[in-house]
Structures are given as C-alpha cells and as structure tokens.
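Colleague: In case it helps, TrEMBL gives these features for our protein:
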TRANSMEM  48-67  transmembrane segment
TRANSMEM  79-98  transmembrane segment
TRANSMEM  119-142  transmembrane segment
TRANSMEM  148-167  transmembrane segment
TRANSMEM  179-201  transmembrane segment
TRANSMEM  221-243  transmembrane segment
TRANSMEM  255-277  transmembrane segment
TRANSMEM  289-311  transmembrane segment
TRANSMEM  323-343  transmembrane segment
TRANSMEM  349-372  transmembrane segment
C-alpha cells in the first residue's frame with residue numbers, strides 16, 4: 001500500500017515538473033498544456049500564491065497608509081520586542097513544514113557514504129557559499145544603504161527549511177533527501193546562525209548597521225526557529241506513535257498544510273501594514289533591494305546546478321541540492337530583523353522583500369529544470 005502510494009506520488013511529481021496533467025498526457029503529446037497541467041495539481045492557495053502575495057502586499061500598504069493607529073494596534077503586545085501578531089504568524093508559518101520533516105530517517109541516511117558526500121556539499125553551499133555570496137552582492141549593489149544591506153545579508157544567512165520542500169516536490173527531486181537536508185539545516189541554523197550573522201554583519205561589514213548583542217540574535221533564533229522545531233518534532237513523534245504514519249500523513253499533514261501559506265500571507269499583511277509609510281516613502285530603495293536578491297537566486301541555483309553536473313550527481317539529488325542552496329528561510333530572517341531592529345525598521349522591510357522575489361523566481365526555476373530534464377537523462 002505504501003509503495004503504491006509512493007509510486008503514485010513520484011509519478012505525480014514527474015507530471016508536475018514536466019508541466020503535464022497526467023489525465024491529458026495522451027491527448028497532448030506535444031506538451032502545449034504544461035502550464036495548465038501544473039496548475040491543476042495545485043490547490044487554489046498554492047496555485048496563485050504569487051498573486052495572493054502581491055494582493056495582500058498592496059491591500060496592506062493601502063490599509064496601513066490610510067488607516068490611523070494600525071502600528072499601535074498590532075504592537076499591543078510583544079515577545080522579546082516582536083509584536084505578538086507577528087510572532088503568531090511566524091509560528092503558524094513554520095510549524096506545518098517542520099511537522100513534515102522525517103527526523104526519524106536522519107540517522108540511517110547519515111550512515112550511508114553516498115548521501116554523506118552530497119550532504120557535505122550541501123553544507124558547504126548553504127553555510128559557506130550562500131552567506132558569502134549574499135554579503136558580496138549586498139555590498140556591491142547597496143553600498144550606500146547600510147540598513148537595507150543588513151536586511152538582505154540576514155536573508156542570505158537564513159538557510160531554507162520550508163519552501164524548499166514545495167520547490168523540490170514540483171521539480172521531482174528526492175523527497176527523503178530533501179527532508180534530511182531540511183532537518184540538518186534546522187539543527188545547524190540553531191547552532192550557526194548567530195556566529196555567521198556576527199561574522200558577516202560585525203566583522204566583515206565592520207559593525208555598520210548591526211549594533212545588537214549575540215544574545216539578541218540568539219533569542220530570536222531560538223524563539224522563532226527553536227520553538228516550532230521542537231513542536232514539530234514532538235508532534236510527529238507523538239501523533240505517529242499514537243495513530244500511525246498513514247493517518248499522520250494523509251489526515252493530519254493535509255489538515256495543517258495550508259496553515260504555512262496562510263501564516264505567510266497574514267505575516268506579510270501585518271508587516272506591510274506597519275511598514276506602509278516607509279515603503280511609500282522609500283519605494284526606490286525597495287526596488288533596489290530586489291537587485292541583489294535576483295542575482296543571488298540565479299547565481300547560486302545555476303552555480304549549484306553546474307557543480308552537481310560536474311560531479312555527476314543523479315538528477316533527483318541534484319535538483320534537491322540546487323533548490324536547497326538557492327532557497328532561504330525568509331521567515332527566520334524577518335523574525336531576527338524584527339527582533340533585533342524593530343518591526344518598523346528598514347532591516348525588517350528589506351527582509352520582507354525576500355518572499356516576494358523568491359516565490360516567482362524559484363517557480364521559474366522549476367520549469368527550467370523540468371525543461372532540461374525532458375531533453376535527456378544527462379541533465
């Protein structure tokens with residue numbers, strides 16, 4: 001039963017990545033309906049996520065700009081300098097994805113030599129190349145905007161543990177390997193985020209735009225990553241033992257799945273409502289922040305793709321490597337920026353631009369790798 005389900009899921013992922021509706025495969029051999037095929041496989045929320053994000057952003061800016069007292073209302077209660085509505089949104093956003101991670105598989109995969117090599121490559125790409133590249137691009141494109149630069153660098157340091165699962169599934173990557181990388185990045189993020197942030201924001205950037213203690217950053221990481229991570233681990237262990245894997249994956253995960261995107265939209269609404277005046281007053285700077293993000297996603301994704309092809313990494317593992325390296329945990333970047341600099345800071349505003357750029361760009365990358373995969377198995 002489980003093997004049959006896994007095979008159906010794998011075939012569905014192949015169809016999605018190829019952009020075809022399985023039911024239309026025979027009727028559309030030329031692949032002209034690949035976009036429609038992809039959309040049919042997604043829920044309404046997933047299908048138009050980029051549309052919802054832009055709608056929520058526009059509505060929240062109008063709401064925050066013209067309605068008085070919005071900032072005060074959203075900051076009625078705080079947790080470690082973060083407004084309670086924002087904290088709730090961040091937890092809701094991260095909890096469902098962390099419940100999906102297969103923590104129980106980590107030990108077995110680590111004992112295998114092959115995955116261990118690719119895991120080592122992932123650690124290098126995520127924790128050495130990624131932060132260094134984003135820091136360099138931020139300095140090259142935003143030399144005169146230190147606060148915005150800080151927010152962009154925070155995005156580069158926060159490695160992805162959420163949206164990468166979606167991109168990996170759409171691009172027919174290895175689901176188990178992706179879960180392992182997410183689990184490893186979740187753990188490493190607790191350990192490495194603070195020292196890496198201090199390295200690039202205090203040492204490399206000479207302390208400009210970053211004047212908080214390591215404990216301030218650590219508190220934000222532990223609160224907004226550690227809490228949902230522990231909750232996700234306990235939820236998975238308790239519910240799977242009580243009701244079984246089949247019920248957990250088919251019922252519980254399906255029930256909480258939409259919470260992540262709903263939490264994302266809610267968080268964007270609250271943050272952009274509070275940031276409305278800053279966005280309108282600094283619209284040129286907001287556009288400039290998109291430049292290093294676009295360069296970062298493109299360079300890291302296709303650079304990882306080239307390395308994996310040179311090393312002859314199998315396609316499913318290669319796809320997972322590329323999307324894990326190019327994706328970022330913008331939830332954590334936002335949380336740290338808000339906790340360290342405040343909800344209405346330009347650092348938080350810069351971090352908030354992350355998902356607005358990442359979603360359409362990485363969705364485009366899904367189509368690109370699917371296109372080249374259809375050209376032959378060597379890709």
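Using N, Cα and C of the backbone, Cβ positions are placed for all residues, glycine too.
Unlike curated entries, TrEMBL annotations are predicted automatically.
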Colleague: List, by number or range, the same-chain residues at least 6 past the transmembrane segment (255-277) whose CB is under 8 A from its CB atoms?
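Modeller: For the transmembrane segment (255-277), the list is 43, 45-46, 49, 52-53, 56-57, 59-65, 70-71, 74-75, 83, 85-86, 89-97, 99, 162, 331, 334, 338, 343-344, 348-349, 352, 355.
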Colleague: Taking 3+ C-beta pairs under 8 angstroms (sequence gap of 6 or more) as contact, is the transmembrane segment (119-142) in contact with the transmembrane segment (148-167)?
Modeller: yes
Colleague: Looking at 79-98, 148-167, 221-243, 349-372, which one has the highest count of Cβ pairs under 8 angstroms to the transmembrane segment (48-67)?
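Modeller: Per the Cβ under 8 Å count, 349-372.
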Colleague: Taking residues 6+ outside the transmembrane segment (323-343), which of them lie with a CB under 8 Å of any CB in it?
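Modeller: For the transmembrane segment (323-343), the list is 71, 74-75, 80-83, 86, 90, 93-94, 122, 125-126, 129-130, 147, 150-151, 154-164, 167-168, 171, 173, 178, 181-182, 185, 189, 193, 197, 210, 212, 216-217, 219-221, 223-225, 264, 267, 271, 274-275, 296-297, 300-301, 304, 350-352, 354-355, 358, 362, 365.
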Colleague: How about long-range neighbours of the transmembrane segment (349-372): same chain, 6 or more residues beyond its ends, C-beta under 8 Å?
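Modeller: Distal contacts: 17-19, 34, 49-50, 53-54, 57, 147-152, 154-155, 163, 167, 170-172, 264, 268, 271-272, 275, 278-279, 282, 286, 289-290, 293-294, 297-298, 301, 305, 319, 322-323, 326-328, 330, 333-334, 336-337, 379.
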Colleague: Apart from its near flanks, which chain residues at least 6 from the ends of the transmembrane segment (289-311) lie with a Cβ under 8 angstroms of it?
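Modeller: Result: 121, 125, 129-130, 133-134, 137-138, 140-142, 148, 151-152, 155-156, 317-318, 321-323, 325-326, 350, 353-354, 356-358, 361-362, 365, 369, 379.
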